[in-house]
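These notes concern the structure reproduced below.
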């Protein structure tokens, strides 16, 4: 059985091959891609088939946007897959094994970036959307999340265009795939795009999970867990749409085409990655741990105020922004609740960060807020010691240690007694006596004995609600690529008819049963089932229509049927092309 936690430090890893970013080059002052350039030579490429976890970026890997802009373009006509086709180009798995649900990540750090005291790469300054600004306030009204239900994917010469977004480098890799750097041409801003394959989610839904207890029913005021992976994704979107806090990652846009397999979630770019890797030989100092933990407290207090339980708090889900503050990410297993607390009975999340009451054999109902407090305690322990408090190579032994083993502190590094007291109270195995968030905010270690008080709940939290009308008004309808090509062709041919209609009908007629020996029509638009006399009655008096069936007229210079119609007599009204008969559907 795969191990849950490894006590060995993460080994050096080989950088994965750039799969898409090499096609993102552009000249200075130009956008990465010229939209709809050369539509006649467009090709559509779609190779995404991954469930992306935004927070699973390579820790310490900065996104060098200058390199992303200056990479050489691909050759014309070369396919641009979103995942490397060569298995040897993928990075090997590292020694870190956080859980059965979380594989190791790989990726290089840019050598041109500077390093902070933790060795984490710091990227150059870049433009951000107002939502990602450090000055954003949770008390400001949030702009409704844009939902696009029509997705146009264009394979151009040097990039892959997804609506207004140009997909570039791979900036992270999670349990189900990759995260792509996305450039928005409308606001000249970089974002992180999370891609989900609905088919793959359904295939992977068979991963072994603990069955619900017999006769279990959701408690009043509690949560009802979604039944399938697709429902979990849409629950994550519903939760993220209503959140607006400096310490919570923001969902900017959702691109969803009901007729296609993929769903795209566009997030603000948190460019410095997770706060730390676990396990590590370089834990944080107490001052650094306090700084990040204060951000975590404010973010969790805000989530609980919005009646949301995160259920997967851990260092890899805490991303460091350009301003140095952390943002909570990955709401894939979150729960919304009614009342004062969530009443839960199922087991989800990362095993090493699960609370003992969630691992009980009796499957009793337990508090959702207490689960987040336990995970916060494990995270704080990781901050200062670089490892989890309970570790084992076997999942069942790990569960046993979490439920019964006493908490121990290593001799090194030596930490303050106040910090030991806080961790001990957060990792209380009894959820009823476990410390709660309001008490954590006032703890002497958190506030430096009152020198650094945290804001009150009223200052930190504002209830955010998005009405259905606001969501409907935020939906953006974008024509598909086929529609754009059709309009382009109609304009080029100066025709108001569908230039592809004839070929489609001919193919359908030849494929219909009983029509294999039917004589080919003399005009491309002629339906096989309409008699010749009916066609003649439908035509207006005048010269006989040419072979293109009235696709143009002499009034349009260069039209496809100029030779068939000729010029009208002087002084006579202009002739109109014959009416095109209505399409008759052939049996299939």
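Just so it is clear, glycine is given a Cβ too, placed from its N, Cα and C backbone atoms.
The structure displayed is predicted, hence computed values, not measured ones.
Marked as compositional bias 'Polar residues' by Swiss-Prot: 1-11 (among others).
Per Swiss-Prot, the feature N-acetylserine maps to 2; the stated evidence is similarity to another entry.
The annotation phosphoserine is assigned in Swiss-Prot to 99 (among others).
Taken from Swiss-Prot, the feature compositional bias 'Polar residues' covers 101-116 (among others).
Taken from Swiss-Prot, the feature phosphoserine covers 114 (among others).
Residues or ranges marked as phosphoserine in Swiss-Prot (evidence: a large-scale study or a structure entry): 129 (among others).
Feature annotation from Swiss-Prot assigns phosphoserine to 133 (among others); the stated evidence is a large-scale study or a structure entry.
Positions annotated as phosphoserine by Swiss-Prot, on the basis of a large-scale study or a structure entry: 137 (among others).
The domain 'Protein kinase' annotation in Swiss-Prot covers 165-446.
Positions annotated as ATP binding site by Swiss-Prot, on the basis of sequence analysis: 171, 172, 173, 174, 175, 176, 177, 178, 179, 194. Here the Cβ of residue 179 (ATP binding site) has 24 other Cβ atoms within 10 Å, regardless of which shown protein chain they belong to.
For 312, the entry in Swiss-Prot reads active site, proton acceptor. When other Cβ atoms within 10 Å of the Cβ of residue 312 (active site, proton acceptor) are tallied across all protein chains shown, the result is 26.
Swiss-Prot lists 475-500 with the feature region 'Calmodulin-binding', giving similarity to another entry as the kind of evidence.
Annotation comment: Swiss-Prot describes 495 (among others) as phosphoserine.
Here Swiss-Prot flags 511 (among others) as phosphoserine.
Residues or ranges marked as compositional bias 'Basic and acidic residues' by Swiss-Prot: 521-536.
Annotation source Swiss-Prot lists compositional bias 'Pro residues' at 570-580.
Around residue 171 (ATP binding site), a 10 Å sphere centred on its CB holds 25 further CB atoms from the protein chains shown. A Cα-Cα distance of 22 Å separates residue 312 (active site, proton acceptor) from residue 171 (ATP binding site). Across the domain 'Protein kinase' (165-446), mean pLDDT in this model comes to 89.
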